[in-house]
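Heads up, the thing below is written out as structure tokens.
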Amino acid sequence: MITNPAIDDYVSGLVPERSPLLMRLEKEAAEENIPIVQLASAQVMRMLLLLHCPKAILEVGTAIGYSTIWLAEAAPDARIVTMDIDEDRLTRARANIAEAGCADRIEILSHDATLGLPDSYQFDCLFIDAAKGQYRTFLDRYLPLLRDGGLVISDNILFRGLVATPDEAGKRQRPMVDKLLAYNTHLSERPDMETTFIPVGDGLAVSLKKRI
């Protein structure tokens with residue numbers, strides 16, 4: 001959370017009520033310290049997908065399938081590929097996605113996202129929410145698979161506000177903060193992308209791949 005806590009609670013309270021499944025996953029994530037997209041960020045992501053109407057989405061970082069279900073509900077005509085390397089969480093994600101009733105259009109991969117995917121995969125939207133220190137690698141791997149006019153949504157790009165005050169980061173956090181700083185600068189300077197940074201949740205970067 002990087003905004004005023006009272007404001008964040010207020011905005012989160014305005015998010016329409018979720019399904020019992022999503023609310024259960026929010027509770028599980030809080031109890032087990034599983035990182036999932038924050039509620040206000042998920043609602044922004046939902047609005048972007050409702051406006052963009054993607055037909056093919058790639059999610060880097062499945063966890064327990066919480067954001068995958070958000071993506072599926074916001075883009076009911078889209079096919080989704082989601083990947084993670086944590087087998088235990090993938091097992092839970094498969095069960096949760098099946099419970100949500102959208103397993104028929106979601107491909108769940110046990111895959112190291114730094115390795116990329118074959119060129120046969122093409123997407124309209126890329127959602128990055130995995131190892132923060134690897135965001136640049138993920139972008140380099142998957143931007144070529146994103147169609148012109150596609151969206152890249154990167155979560156946690158403000159990392160608890162520490163990108164604004166990196167000297168306050170702990171010794172273990174500082175390398176990740178430095179990589180996120182470099183990633184954000186890279187997004188802002190790319191001539192082939194238009195990016196806006198939204199201070200909601202833990203920070204979202206929304207990038208449009210320009211049509212050439």
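A Cβ is built for glycine as well, from the same backbone N, Cα and C atoms used for every other residue.
Whatever TrEMBL says is automated annotation, not expert-curated.
Around V37 (S-adenosyl-L-methionine binding site), taking its Cβ as the centre, 25 other Cβ atoms fall within 10 Å, counting all chains. Annotation source TrEMBL lists S-adenosyl-L-methionine binding site at V37, S67, D84, D112, A113, D129.
What TrEMBL lists as Mg(2+) binding site is D129, D155, N156. Shown in sequence order, D129, K132, L180, D202, G203 are the residues of the chain, 6+ apart in sequence, with a C-beta less than 8 angstroms from the C-beta of N156 (Mg(2+) binding site).
Taking only the Cα positions, the spacing between S67 (S-adenosyl-L-methionine binding site) and D155 (Mg(2+) binding site) is 11 angstrom. In the three-state DSSP reading, D129 (S-adenosyl-L-methionine binding site) counts as coil.
The number of other Cβ atoms within 10 Å of the Cβ belonging to A113 (S-adenosyl-L-methionine binding site), over all protein chains shown, comes to 23. Its Cβ placed at the centre, D155 (Mg(2+) binding site) has 25 other Cβ atoms within 10 Å. According to DSSP, A113 (S-adenosyl-L-methionine binding site) is assigned to a helical segment.
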